[in-house]
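If you look up Swiss-Prot, you'll see 34-54, 78-99, 114-134, 179-199, 227-247, 289-309, 321-341, 348-368 marked as transmembrane segment. Look at Swiss-Prot and you will find His84, His183 tagged as heme b b562 binding site. Annotated heme b b566 binding site per Swiss-Prot: His98, His197, in sequence order. According to Swiss-Prot, the ubiquinone binding site annotation covers His202.
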Amino acid sequence: MHKPLRNSHPLFKIANNALVDLPAPINISSWWNFGSLLGLCLIIQILTGLFLAMHYTADVNLAFYSVNHICRDVNYGWLLRTLHANGASFFFICIYLHIGRGIYYGSYLFTPTWLVGVIILFLVMGTAFMGYVLPWGQMSFWGATVITNLLSAIPYLGMDLVQWLWGGFAVDNATLTRFFTFHFILPFIVLAMTMIHLLFLHQTGSNNPIGLNSNIDKIPFHPYFTFKDIVGFIVMIFILISLVLISPNLLGDPDNFIPANPLVTPAHIQPEWYFLFAYAILRSIPNKLGGVIALVLSIAILMILPFYNLSKFRGIQFYPINQILFWSMLVTVILLTWIGARPVEEPYVLIGQILTIIYFLYYLINPLVTKWWDNLLN
């Protein structure tokens, strides 16, 4: 009997098993759209970034003006740049919603998939940080100086590491050149890690909103979820294009319109909005090394979730108290984002410290409350 090409060709077969004939749970909601939206974001970022790299110059004397040149003189350069800058914001919105979904519905119990996902998050954060340095504005330069300088907190090796990273005794041309190189290569590493993420996911199949085994009731991915994903694509692209065409600099920092000047420090150094919660956690620890450890742990703590699960049911859909804790944690992250953009003075410092404690306590208390609730039901 004649088989369709998608089932017989060795290359198409891989794509077919991942995107067409993949058995998917019948009841997955729109919260499961964010994986494909992240794939779309990554493609948008790689394509716009590729064209931007054709016109960008990684030199301290020319970088700022090359970005200016892209926006003024290159055909649709303004569109490429604003799509790329705001695309990063949408990437992080989707990634945070994707992680939130994973925490809520217990998707972290797919341990290898979850751990690869956290590694992808670290890589994406590194990529975004280095991309923010490239326009070589005031906030680019001082952000790079402050964040890379955190490595000096590492005992014994610190200063050597910082100078090795900088390529000199300060953030300068060597730093900009290597950041551009890494910013170019990392998205392709993220792409490779995404393939591994999907490979692990397809070993187990997707989770679903009730957290039960759905093998008895699955449907093919195409056409059902391809069309559902396309609806998500259209909504996200519409919002992204609206932002880009109406208010492209809304999420940026005005200080970055000033060329980098090592002799003038901005009044308030802060990263892009999607890093502010982690920046607030960093600042809330009055010790440099402690702050760096807290900064890394604020993301790395996600890795403990698969190993610290005490509940009988998957996810927190059936745990009312845990739902209150979860939404409280979400509010905590939003408030930390707000604190990260505030100056280092009272009462912001104290609020940041309290919120940091609440943030970390969530990961420790949540499994204990599920255990208590299970015991209550026995």
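Just so it is clear, glycine is given a Cβ too, placed from its N, Cα and C backbone atoms.
A quick note: this is a predicted structure, and the numbers were derived from the prediction, not measured.
Taking CA atoms as the reference points, His197 (heme b b566 binding site) and His84 (heme b b562 binding site) are 24 Å apart. The two recorded residues, His98 (heme b b566 binding site) and His84 (heme b b562 binding site), have Cα atoms 21 Å apart. A Cα-Cα distance of 29 Å separates His183 (heme b b562 binding site) from the residue listed as 'ubiquinone binding site'. Long-range Cβ contacts of the transmembrane segment (78-99) within its own chain (Cβ-Cβ under 8 Å, at least 6 residues beyond either end) map to 31, 34-35, 37-38, 41-42, 44-45, 48-49, 51-52, 67, 70-72, 117, 121, 124, 128, 131, 236, 239-240, 243-244, 248-249, 251-252, 272-274, 302.
Rounded to a whole value, the Cα-Cα separation of the residue listed as 'ubiquinone binding site' and His84 (heme b b562 binding site) is 30 Å.
Cβ contacts within 10 Å of His183 (heme b b562 binding site), excluding its own Cβ and spanning all protein chains shown: 21.
Here the Cβ of His202 (ubiquinone binding site) has 14 other Cβ atoms within 10 Å, regardless of which shown protein chain they belong to. Contact counts against the transmembrane segment (227-247), taken as Cβ pairs under 8 Å, peak for 34-54 among the stretches 34-54, 114-134, 179-199. Take the CB of His98 (heme b b566 binding site) and look out to 10 A: across all protein chains shown you find 19 other CB atoms. With a cut-off of 8 Å between CB atoms and residues at least 6 apart in sequence, the same chain places Gln45, Thr48, Gly49, Leu52 near His84 (heme b b562 binding site), listed in sequence order. Around the Cβ of His197 (heme b b566 binding site), the number of neighbouring Cβ atoms within 10 Å comes to 21.
With a threshold of 8 Å between CB atoms, the same-chain residues lying at least 6 positions outside the transmembrane segment (179-199) that come near it are 18, 38-39, 42, 45-46, 49, 53, 56, 58, 113, 116-117, 119-120, 123-124, 126-127, 130-131, 133-134, 144.
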